[in-house]
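*Asks:* Just dropping this structure here.
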Amino acid sequence: MGSSESAEARRVSFEMDEEERVRVLQGIRLSESVVNRMKDCSQPSAGEQLAPGPGPECSVPVPTVPQPTIPVLTVPSPSVCGPAEGTYKAPQGDFKVSRAENSDGQQSSAVKEDLKKFQQEQLAVQDELVKVARKEKEATEKHLKASLPKKKATHEQQQSDRLTRELKNREAELSRRDTFYKEQQERIQEKNAELYKLSSQQFHEAASKAESTIKPRRVEPVCSGLQAQILRCYRDHLHEVLLCSDLAKAYQHCVSTARKG
């Protein structure tokens, strides 16, 4: 009899509410805190919802998870709910639920702490990067400002050296051309002297040969007296030249006679 009664007392049936969640347990009375805790357990835990990625730039908001509390279980008296042996299984299930909730809360708390620590480290790293970038920029600007005069002086010195080299090269080229032109001029003068000497020698030889082949002749003027008279007549009678016509005829007759003779 006792074993059959205890077996019947251990049978606990469950019922579903309108939202298909376990709400009513027949054979055991649950306190309001246990019911609320079971409602919370039916929803996905914060540890399951939150899965922070390894990306350094994203910040995942962490939902606030209430701290787990030990549920208070009110066990009815044997006179109301039956034998005490029938109510032995329910507290164990409640403690298991609260223990799972406690572990979920600890996990979410650890995740929250890790995320907070990661965000703090990320902010610190970003601050350090900003400081390093600022220092590098300042150092670069300082180096550029300091190197500008040096670069300018170096550029001017290089330009001066280049112009000096070009001037020396031009002077050397002019000197070489001057020497070349002087040599050419001396050669031309020597050739001209040789040509003049040769031409003079050839001219004298040709003149000597011509003198030896051509006999000299004495030439006397023909009718020189008449020529003098004609010139005097023309000078005295500039406007009456016809008066000198007789002298001109006599001169022509004299020349014709000299040719025939």
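Cβ atoms are placed via backbone N, Cα and C, with glycine included.
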*Asks:* Of C223, C233, C244, which cysteine does Swiss-Prot list as the disulfide partner of C254?
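*Replies:* It is C223, per the disulfide annotation in Swiss-Prot.
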*Asks:* According to Swiss-Prot, which residue among S33, S245 is annotated as phosphoserine?
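*Replies:* Record annotation (Swiss-Prot, phosphoserine): S33.
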*Asks:* Specify the count of other C-beta atoms within 10 Å of the C-beta of C233 (disulfide bond).
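*Replies:* Counting Cβ neighbours of C233 (disulfide bond) within 10 Å gives 17.
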*Asks:* Taking only the Cα atoms, work out how far C223 (disulfide bond) lies from C233 (disulfide bond), in Å, as a whole number.
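*Replies:* Counting only the Cα atoms, the answer is 16 Å.
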